[in-house]
Structures are given as C-alpha cells and as structure tokens.
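Presented below is the structure to which this report refers.
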Amino acid sequence: MSQRIHLNPNAQRQQPMMGMQGGGYTPDPISRPSNSASYGAGGNDDLLGKVQAYTSKVEDMIEAYTQPIRPYVPAMARFLIVVTFLEDALRIMTQWSDQLWYLQKHRHFPWGLSHLFLLINVFAMLAGSFGVIGKKYPDYSVFCLLGVVVAQGLGYGLLFDLSFFLRNLSVIGGLLMVLSDSLQNKKKLFAGLPSISETDRRKYFQLAGRILLIFLFIGFIFQGSWSFARVIVSIVGLGACIMVAVGFKAKWSATFLVVLLSVFNVFINNWWSVHSAHPQRDFLKYDFFQTLSIVGGLLLLVNIGPGGFSVDEKKKVSCF
C-alpha cells in the first residue's frame, strides 16, 4: 500500500536524501496563526486600561484639589437643593396679590381657598427647607417638599408642561439624594416595611435620585435652537448623564455636570440682566434657582457616592 503524502506545490523540488532517511518524506511544518487576531482583543484591553487609568488620575486630582472644601460640601449641597423652595416662598410673599389674582382668575380658585393654598405652600417650603438644611427630621422635610412640588404642579396647571415636568423630576432626584444621605445615620425610617433593610432603602433612593437628576439636561438637549456648540455640549453632557445614571465613574461625571450646569446657568438664566418690569425676569429667576437645586443634588452625589446599585460599587466588590 502506498504511503499518503502531502505535497507543497510552492516548495522547490529536491532530490531525496540517501542514507538514514532513505528517501522518506518530511512533511511541511504546520503554519501557526498570526498574532494579528489576538492583537485586536489585546489592543482593546489596552485602550480600556488607558481610559480607566486616565479617569482614575482625574479622580485623584479632583480629590486632591477639593480636599480643603470637602467638609463644607454636604451643607452647601443641602442649601442649594432647597434654594429654589426658599426663593419660591419669598416670591409668593412679595407678590401676594399677583399670586391671588392668578389663582382666582386663571385657575378658578374660590376666594379663601387661594389664600389657604398659598399659605400652606409658603409654610411647607420654609419648614421643609430649614429642616433639610439643619438635618432636623430630614425624612419628613423631604416628603413635605415633595408634596409642594406636586401641589404646585396641580395648582398652577403646570404638571403636564414638559419643561416644568423634567425640571421638577431633577429637583425630586436631589430630594431623594437628601433622603438617602439621611438614611446613613438613621436607624429606622419606615416601620411599616420591615422586610427592606435600611441599607437597601438607601440604595434604592440613591439609584432613583441618580436617574432623576439627569432629566434637566435631557430637557436642555431637546429644547431651544441648535448650533455647533450646542451639539458638542449636548453629546458630551449626555455621555456624562449616562455615566451618572448607570453609576460608572459617577463622581467624576457628576463633577463635570456641576461645572457644565453652573456655566450654563450663569450665561443662559441671567435674570439679573433683565429689567425688573419684564415678565421674562421671573421665569429666568425660577429656572436659575431650580438649576442651582439640581447642582446641589449632583454635589451630594459627589459627596456620598452612587450607591450599591452602580457599576462603580460592583467593581469595588469584584476587586475583593
């Protein structure tokens, strides 16, 4: 029986060697796969590692430069979160007759009920705001302010206005971050929910707060006229919002949004440059202080972290 051999047509023909091999066939060496395929995966890993190393370096720089003001960040964040409620209470008191006229004329509130509505709102906003700032009964203070958001949306007929809706979702996100922060040192909040641990409640509030905080920027993306600068800012800001929502490099991305929203707030909502008799002044002032509240929520996120339901926290657990 003849021996099956492999012929390489590209190889040069040679005379069979005599002697020990006796004209036997030496097969071609098996070709090895090139490293180009494995290089692609390795290259991606190297790129991801470089990005992570760069973001970690940025986070370390932020930690180093913000160390002197870090003890004051929680108090400043709490004040900024409720500053829109303080401004709103002051505006109602200084424009009392105008507020009554609007509620009675356009919202058809009967006389007396409009007065009661405004009084309750002013009292709730002042009490809830000072409760959040002073850390006195923060859970009840937050629920009080949440009730004000819903009541004003219904009372003024703004609940289904897209801009109002998105902005107030972000304000609610900041309030949920306050509630999450208060759970850190509070032993028991909801006696009627014994099946959920305090830590789990805090995780859920942090998750909901993170997601709701980004709705202001989403509203900014889909409203207004477009320009090249607006497109660039929208793309970069949307990326930071997604990072905040999923909790990936959340402190870094939240810090970036704080800077971005602060600059945007000063140049776009500059109510101080509008004449006091101009009707647009009150709207700009309202947007300005609401944006400050959302900045406060992001600062609180920077201080307390994204929570258990986040990519950052999962990475910490996997490291151990």
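Glycine is treated like the rest: Cβ placed from N, Cα and C.
For 1-11, the entry in TrEMBL reads compositional bias 'Polar residues'. For 1-42, the entry in TrEMBL reads region 'Disordered'. Taken from TrEMBL, the feature transmembrane segment applies to 113-133, 140-159, 165-183, 204-222, 228-248, 255-272, 292-311.
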Top Cβ-contact partner of the transmembrane segment (255-272) among 204-222, 228-248, 292-311 (pairs under 8 Å): 292-311
When counting Cβ pairs under 8 Å to the transmembrane segment (165-183), the leader among 113-133, 140-159, 204-222, 228-248, 292-311: 204-222
Sequence-remote partners of the transmembrane segment (228-248) [C-beta within less than 8 Å, at least six residues beyond its ends]: 207, 210-211, 213-214, 217-218, 220-221, 254, 256-257, 260, 298, 301, 306-307, 309-313
Cβ contacts under 8 Å made by the transmembrane segment (204-222) with residues that lie 6+ beyond its boundaries: 162-163, 166-167, 169-170, 172-177, 179-180, 183, 234, 237-238, 241, 244-245, 247, 250, 257, 261, 264, 290-291, 294, 297-298, 301, 304-310
